[in-house]
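Asker: Copied straight from Swiss-Prot:
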BINDING   5, 180, 181, 182, 204, 205  purine D-ribonucleoside binding site
BINDING   21, 25, 44, 88, 89, 90, 91  phosphate binding site
ACT_SITE  205  active site, proton donor
SITE      218  site 'Important for catalytic activity'
């Protein structure tokens, strides 16, 4: 049954959903990597699709920017459409000099300055972590493709334009591999409703060096990340 933000019916979504931030990126993933694709959502332009990858039913849908937005879509997919696994696929910024442009980062955990998980967890700190089997399957899928993926902590920020750049020094000291805006929220929703989640990011820019990937480079490295995510689903079956 349709929700306020998703105009689909039970069965329209697979039990596994890949979620980029950009709905147009979701469309690209569906058209490039899936077969027998059909659109299952268009509310507020947040496009969702379901198809098959090597015979396995998989869905892909955008989640927008930031923890509040992604939390809405993740919650509705889980509680109203029976989704059991969510894989966020997106970009991140690097703060450490040993993390390079175009690196693939598998988010084992996610720190955050958001209060959303504290609200969920009665004002206590919540350790926002990915599902171990999903982390392992993604790492194995990357290795099979010859990609040296990094595995570790992300930082999910509420602000894209941070007023306090000294926080990047703290992140580097604590070994944060990438800064993005959603992983901690998705992990929190997954924990609340007893399902599994993972975030895989590609480093699109380096906060220290101000390096940025070109549009063509982003497309190539993004495709590597999507293939890792899709192959990890097969490994998890």
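Note: Cβ is positioned from N, Cα and C throughout, glycine not excepted.
Tell me what's around each of these sites.
Answerer: Taking Cβ-Cβ distances under 8 Å and a sequence separation of 6 or more, the neighbours of residue 181 (purine D-ribonucleoside binding site) in its chain are 21, 65, 66, 67, 156, 157, 158, 160.
Around residue 91 (phosphate binding site), the C-beta neighbours below 8 angstroms that are at least 6 residues distant in the chain are 180, 201, 202, 203, 204, 205, 218, 222. Residue 91 (phosphate binding site) falls within a strand segment according to DSSP.
For residue 205 (purine D-ribonucleoside binding site), the number of other Cβ atoms no farther than 10 Å from its own Cβ, over all displayed protein chains, is 16.
Cβ-based neighbour count (10 Å, all protein chains) for residue 218 (site 'Important for catalytic activity') stands at 16.
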Asker: Tell me, which binding-site residues from 25, 89, 90 are within 10 Å of residue 5 (purine D-ribonucleoside binding site) if we use the C-alpha atoms?
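Answerer: So the list is empty; none.
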Asker: Helix, strand or coil at residue 5 (purine D-ribonucleoside binding site), per DSSP?
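Answerer: DSSP call for residue 5 (purine D-ribonucleoside binding site): coil, neither helix nor strand.
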Asker: Could you give the maximum C-alpha to C-alpha distance in Å for the residues 5, 180, 181, 182, 204, 205 that bind purine D-ribonucleoside per the record?
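Answerer: This binding site's residues have a maximal Cα-Cα distance of 31 Å.
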Asker: How many Å separate the two farthest-apart Cα atoms among the phosphate-binding residues 21, 25, 44, 88, 89, 90, 91?
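Answerer: For the residues that bind phosphate, the greatest Cα distance is 22 Å.
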Asker: Find, among the binding-site residues listed as 21, 90, the one whose Cβ has the highest number of other Cβ atoms within 10 Å in the structure shown.
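Answerer: Result for the most crowded candidate: 90.
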